[in-house]
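A.B. asks: Would you mind keeping the following structure in view while I ask a few things?
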């Protein structure tokens, strides 16, 4: 039952996810591609986590943050990809009202945590390049744990605001067809028959605050890093400093670039289908790419992987 009579209102009890396409052939093709991407995402990020855990030479703050980023990437992909895959197999994919709220909250929680983690990683790079003598003191285990815990708390608070205060206060009494492959705030706000203008404003402010604060930390950190690198006289030192920052800058550019497209640019400037494609890149592709970005340009990770594979071969 999709609707429930409640006094003078008809409340929606489930939503229909329209997904990416109605074309049966294209659905099969997309199912195969996205399933492969998801499996690579889980395998790649789990491998990163395990490699960091078992390799003593990777027991440094940068890799501590990277292991949590890998966990978050598995989470953000898992929050939407399984339901998307089911959507490809069914002619009519539905999600309950409660399930929609949980999916919205989990996706927002994990996305917010990733923003804070990327900012923490930028600060870690700043300390490593600009204050190498104080690095071990300033980036102690206690400080790293506090930054990670703070990232999760910040993500939880942001998600709680969106889900608890606003989603469950929305009244859905009309159409229940979401033109997306997951429960996102914008299409849900369009379906609500209650006044959501204030809610949209506050949620935009909340999401914008997370983005602006973390971007500010990243920009300031890399501004100081760039100044420090330009002052270096050693070519080898410059190359090493650049190499340690390149992978993180690439990940930051991809992540915040898609966030800007989805949540900052005016909705009139792109279609719903374009929004879906960018959302797939943001929630499905980037979690798969991050392990490749961080491992291909990192000699320590490649060295640790070779040592572990060598040990397995010898044993």
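One is the number of the first residue shown, and numbering goes on along the chain from there.
Each Cβ is built from the backbone N, Cα and C atoms, and glycine gets one as well.
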A.B. asks: Answer with yes or no whether Swiss-Prot records residue 226 and residue 310 within the same membrane-side topological domain.
C.D. replies: yes
A.B. asks: Transmembrane segment per Swiss-Prot: which of the ranges 29-49, 176-196 is that?
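C.D. replies: In Swiss-Prot, residues 29-49 carry the label transmembrane segment.
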A.B. asks: Which residue, chosen from 8, 158, is annotated N-linked glycosylation site in Swiss-Prot?
C.D. replies: 8
A.B. asks: Before we move on, state whether the transmembrane segment (137-157) and the transmembrane segment (58-78) share at least 3 Cβ pairs under 8 Å, counting only pairs 6 or more apart in sequence.
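C.D. replies: Contact confirmed: at least 3 Cβ pairs fall under 8 Å.
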A.B. asks: Per the definition of 3+ C-beta pairs under 8 A with sequence separation of 6 or more, do the transmembrane segment (29-49) and the transmembrane segment (103-123) touch?
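C.D. replies: Result for the transmembrane segment (29-49) with the transmembrane segment (103-123) is no.
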A.B. asks: Going along the chain, which residues at least six beyond the ends of the transmembrane segment (201-221) come within the CB cut-off of under 8 Å?
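C.D. replies: Distant Cβ neighbours of the transmembrane segment (201-221) are 108, 112, 115-116, 118-119, 122-123, 125-126, 154, 158, 161-162, 166, 185, 252, 256, 259, 263-264.
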A.B. asks: What are the helix, strand and coil residue counts for the topological domain 'Cytoplasmic' (50-57) according to DSSP?
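C.D. replies: Tallying H, G and I as helix, E and B as strand, the rest coil: 7 helix, 0 strand, 1 coil.
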A.B. asks: Rank the disulfide-bonded residues 100, 193 by the number of other Cβ atoms within 10 Å of each Cβ and report the first-ranked residue.
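C.D. replies: Most Cβ neighbours within 10 Å: 100.
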